[in-house]
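The annotation domain 'Kinesin motor' is assigned in TrEMBL to 17-355. Taken from TrEMBL, the feature ATP binding site covers 113, 114, 115, 116, 117, 118, 119, 120. Annotation comment: TrEMBL describes 372-440 as coiled coil. TrEMBL lists 490-544 with the feature domain 'FHA'. Among the features that TrEMBL reports, region 'Disordered' is placed at 692-713.
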């Protein structure tokens, strides 16, 4: 992630091994609750170190050797190894990094490990215990100040990017300026780079301010969509330049270096973690990029050519990994319950220590001449590539090859244009005076303050007026956004093209935020918030309808995702004292919402049937469904979502699904599908929101790309077919109910189980009893191989048939698996019935063969197969085919059904009322 034009390496570049340090943190709350044991110990030798990890199952230790081993587990446990503070880690790793950079060497320092292993603590630290990144930056300015030689001029810039789901975002730029699909890397003669904001820094406070804005920018994004997870790789790049001038003022030497300080997102075992939706997408992207990093490191250690193009992370780190010092910190959990993850991290660290990388000083005697020469070399090489592609395109007649070559040609031409722009930018930077740089830094600061929607970059401890501090699930992003309240009225709301002339004082653009969301009045020593319209506003977990006083440490929610702690300096004594010297966090603010919702529902008939865990899950589900409804309304989609509770047929426990209603009918989405859809909805909403704030026209997605368009087949229901008749090899005709996802009977399925004789026949055997496969005692089948057939005749849906009825399901089909010990068993599927009918016919038959063991015999005695029936929902209702469906009428039965439907309707209305109450609370 380097500057576009770089001096050539020294003729005799040194070769260094990657330095590897491992660091063990203390137990976290989850590990303490699990009564985990420490399984790691360390030895620091005169040269190098040893780290031992014990297998919790048998106690056997495995030893690894690294350059350094740091334990931050406990100062009171010397058997764990010598204790290392943040200062110790910086002195051993960070200070040499700083010295190398000032000498003109590139440096890449990154932390690797599982989620929660302590990477960010080592890299960024905490306010009272800063990590390597802030300490290194501080040390650079201390060193510059001590040198104080008028012959030298020092320049420091900072860039900060995140790689989120393989999309590169500039954390020092307004989110509204981000390209839809992230910044695109482009090739230079020293690797791939992206054009992002490069902020000039004259003192450490400037860098610290950049850190705060980057964290605030991440907070703004996660609040706008989803506060639960925004895990990304973050790259902090410090660009250092030192110019040496002759007495005449001419520059006679320029030293350039780049420090890439990388805070990697944690590796994730998604299957174990049970992540879904956006978190699953994030986890997969993180794992893929870390795998690509591991593959590149393996290739480098073996002397083969690595494929840096496999991920955006490796693409940006290509320059660091091929020319410069590389240091890795492997972050470890000490806990026995994290043994597998810790072993994986230690093995990764063991591989990377074998990598050797060339390290050279970057010194230019004539920067302008060197840059022009590098530019000309790249231009010539790129033009040769373009000419070659043109020649290939002219010499081929294959349409697909022509299209591919034309695409490659356009890409090369685009890169040539990017290279030209980068050259001009670099030449402009070289001619910049310190006054120019100071003006550019001030312009960036002004733009950043505007980008945060009214938040300030001031030190929060220096603020004496009442203000809001953001709460965030990620403790590092909590209280990074400070919103000052005016003496008088502060208007809060969403910004859009209609409010450009009179924008809100505090701008929030997340879910559930309306244009005039609320007013906060500070007068006469009190702060009063008054909600406006139907926007969601909660104080201490309860929705408010009118003016409400805010006191110190009160929790305020605006919209679906914005959570704040209200701070009133000098009035702390009047506030919420339940936290002692501490303060409420995001978890507390979210928990009290669920508690208030539970209290409101305590007298509900539902409460006696729902566990505490289910109530919590229900409240979370309602919140996400409400978010989907807000998105649908904002985007003008004629679609409504509703939480549906049902009894899970497999677990026999309460579960939730989502009913999606539109003019095309109703669909029931399993919760996993809804979460995936919500991820897609949110991405589309963010694009719409960006258009709203800039005044650009929102372009709707094409129908095939519209996430609200659901053309996927619908699971109508499942039929259970019990197999006990096959244990006696008897024929069985079954009229099984078809049960929907919501546990309602949708119809009946006609299925036959037919045992086969030794020749594969299915009888009848009236005239030949010896061929009849019937057995009186099922154990007689042990050791034998049996054959049987499954016939699926048809399904009759439970729909009252009238001449005006319309069946919206077509292209129905069934599928099943035996699920007898074969994890890779494919689905057995019927032909598709293409008619719009209440009585789809399948006429399906398939023969199966089983070797009878104790396990399979027990399955036949007690088990079942589940036959699913699927269908497509038609856009336009068509008159259903009613053949083979008899229309009968029984007045007594009709009266009984009508009475039960009335009772059911009353119960549904009561449940719906409680649901609405809970939704309002949320």
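Cβ coordinates are placed from backbone N, Cα and C, and glycine is handled just like the others.
Shown on the structure are the features that TrEMBL records.
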{"residue": "113", "record": "ATP binding site", "Cβ neighbours (10 Å)": "28"}
{"residue": "114", "record": "ATP binding site", "Cβ neighbours (10 Å)": "20"}
{"residue": "115", "record": "ATP binding site", "Cβ neighbours (10 Å)": "16"}
{"residue": "116", "record": "ATP binding site", "Cβ neighbours (10 Å)": "16"}
{"residue": "117", "record": "ATP binding site", "Cβ neighbours (10 Å)": "26"}
{"residue": "118", "record": "ATP binding site", "Cβ neighbours (10 Å)": "21"}
{"residue": "119", "record": "ATP binding site", "Cβ neighbours (10 Å)": "25"}
{"residue": "120", "record": "ATP binding site", "Cβ neighbours (10 Å)": "22"}
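Listed in chain order, the residues near the ATP site other than 113, 114, 115, 116, 117, 118, 119, 120 are 111, 266, 331, 333, each with its Cβ within 8 Å of the site Cβ centroid.
Over the coiled coil (372-440) the predicted model carries a mean pLDDT of 71. For the recorded site, residue 117 (ATP binding site), the DSSP three-state label reads coil. With DSSP states grouped into helix (H, G, I), strand (E, B) and coil, the domain 'FHA' (490-544) comes out at 3 helix, 23 strand, 29 coil.
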